[in-house]
Amino acid sequence: MASFKAMIPLALCVCFLVGSVTSQLTSTFYDTTCPNVSSIVQGVVQQALQSDDRAGAKLIRLHFHDCFVDGCDGSVLLEDQTGIVSELGAPGNGGITGFNIVDDIKTAVENVCPGVVSCADILALGSRFAVTLASGQGWTVPLGRRDSRTANLDGARNRLPSPFENLTELQGKFRDVGLDDTTDLVALSGAHTFGRSRCRFFDGRLNTSNPDPTLDSTYADQLRQSCQPGRDTFVNLDPTTPDTFDNNYFTNLQNNRGLLGSDQVLLSTSGAPTVSIVNNFANSPSQFASAFAQSMINMGNLSPLTGSSGEIRSNCRRLN
């Protein structure tokens, strides 16, 4: 009993520390310092989508890859420079794009509220509007993150989920960053309901002598045709509604039409707890929309820099 009582203040202390970090993020953070930040971000994302159907998916990918390496601190945006070895050299960040969109958002925000809004918060807000402008459901974005003065190439090499990983490996990477390895994993994977993938990330499943048995054969034939120009050819992640944020990603999985191996394993892994969640989301667009919104908030709350930590970069790609 004495040892149990001794643990109580420790537990309270730990809970207080975790809660205090998250509590510093609030949707009203910029209400007095940059009250129009949301509308500014929305306007730039909307403009980007007029010339680039992939703009929204690019922003979500940047936010995801940012948060999985030392938390949501804008580190993924940093280029190589004095004192910084960029995370962009990691295989998981190969071909990642969208920096021009972030630059445009940052410029628009700086013109109105110089030195106030972080690049990390721009990624979080941009991801929300990426979804709503593609007919998806929005969420209230907690704000107040600051930008890191460091990058972590080794972290990016080791922590980013890979399209070639099995379910056990994917679950481990979600647990390692503090996310739920079932609901958060399945919900956030649902972001593949829009955007594109290069053939090199799935063409191993198209081997005619040893085809992936979890890939629909007719769909596989279509993909072989699509990938004929080369391994860097882009193919829609969702063959049904490629530019709409909906739950068709999950009905695709039910039909063995998940593009990436890491998508299909959510359903094809026998006895896995992810199977029932995939089926629930396939049957209920509202369940997926609500779960995705909560999982994006969960991810956005990973280890943010707040208060006087870090900085507010004036150029998202470089330290001040």
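Every residue gets a Cβ built from N, Cα and C, even glycine.
Going by TrEMBL, these are the annotated features:
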- 1-23: signal peptide (SIGNAL)
- 24-320: domain 'Plant heme peroxidase family profile' (DOMAIN)
- Cys34-Cys113: disulfide bond (DISULFID)
- Arg61: site 'Transition state stabilizer' (SITE)
- His65: active site, proton acceptor (ACT_SITE)
- Asp66, Val69, Gly71, Asp73, Ser75, Glu87: Ca(2+) 1 binding site (BINDING)
- Cys67-Cys72: disulfide bond (DISULFID)
- Cys119-Cys316: disulfide bond (DISULFID)
- Pro161: substrate binding site (BINDING)
- His192: heme b binding site (BINDING)
- Thr193, Asp238, Thr241, Asp246: Ca(2+) 2 binding site (BINDING)
- Cys199-Cys227: disulfide bond (DISULFID)
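Positions of the features from TrEMBL, shown on the structure.
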{"residue": "Cys34", "record": "disulfide bond", "Cβ contacts under 8 Å, 6 or more apart": "Val109, Val112, Cys113, Val116, Val117"}
{"residue": "Cys67", "record": "disulfide bond", "Cβ contacts under 8 Å, 6 or more apart": "Val177, Met299, Gly300, Leu302"}
{"residue": "Gly71", "record": "Ca(2+) 1 binding site", "Cβ contacts under 8 Å, 6 or more apart": "Leu302, Ser303, Pro304, Leu305"}
{"residue": "Cys72", "record": "disulfide bond", "Cβ contacts under 8 Å, 6 or more apart": "His63, Asp66, Ala120, Leu123, Ala124, Arg145, Met299, Gly300, Asn301, Leu302, Ser303, Pro304"}
{"residue": "Ser75", "record": "Ca(2+) 1 binding site", "Cβ contacts under 8 Å, 6 or more apart": "Asp66, Val69, Glu87, Ser148, Thr150, Ala151, Asn152"}
{"residue": "Cys119", "record": "disulfide bond", "Cβ contacts under 8 Å, 6 or more apart": "Gly74, Leu77, Val102, Lys106, Asp147, Arg313, Cys316"}
{"residue": "Pro161", "record": "substrate binding site", "Cβ contacts under 8 Å, 6 or more apart": "Phe68, Gly92, Glu169, Leu170, Lys173, Phe174, Ser262"}
{"residue": "His192", "record": "heme b binding site", "Cβ contacts under 8 Å, 6 or more apart": "Leu237, Asp238, Tyr249, Leu259, Leu260, Asp263"}
{"residue": "Thr193", "record": "Ca(2+) 2 binding site", "Cβ contacts under 8 Å, 6 or more apart": "Leu237, Asp238, Thr241, Thr244, Phe245, Asp246, Asn247, Asn248, Tyr249"}
Around Asp73 (Ca(2+) 1 binding site), which residues of its chain at least 6 apart sit with Cβ under 8 Å of its Cβ?
Asp66, Ala120, Arg145, Arg146, Asp147, Ser148, Ser303, Pro304, Leu305, Gly310
Using Cβ-Cβ distances, find the residues under 8 Å from Arg61 (site 'Transition state stabilizer') that belong to the same chain and are at least 6 apart in sequence, listing them in sequence order.
Ile96, Gly98, Ala191, Gly195
Which whole-number value in Å describes the distance between the Cα atoms of Cys199 (disulfide bond) and the residue listed as 'active site, proton acceptor'?
20
Among the recorded positions listed here, Cys113, Cys199, Thr241, which has the most company in the form of other Cβ atoms within 10 Å of its Cβ?
Cys199
Name the residue among the binding-site residues Asp66, Glu87, Asp238, Asp246 whose Cβ has the smallest number of other Cβ atoms within 10 Å.
Asp246
Cβ atoms near Cys316 (disulfide bond) (within 10 Å, other residues, all chains)
22
Cβ within 8 Å of the mean position of the Cβ atoms of Thr193, Asp238, Thr241, Asp246: remaining residues of the chain near Ca(2+) 2:
Phe194, Thr240, Pro242, Thr244, Phe245, Asn247, Asn248, Tyr249
Can you give me the residues near the recorded Ca(2+) 1 site, meaning same chain, not Asp66, Val69, Gly71, Asp73, Ser75, Glu87 themselves, Cβ no more than 8 Å from the center of the site's Cβ atoms?
His65, Cys67, Phe68, Asp70, Cys72, Gly74, Val76, Ser148, Ala151, Asn152, Gly155, Ala156
Could you tally the C-beta atoms, other than its own, that fall within 10 angstroms of the C-beta of Cys227 (disulfide bond)?
19
Between Cys227 (disulfide bond) and the residue listed as 'active site, proton acceptor', what is the CA-CA distance rounded to a whole number of Å?
26
Could you say which of the recorded positions His65, Val69 has its Cβ with the most other Cβ atoms inside 10 Å?
Val69
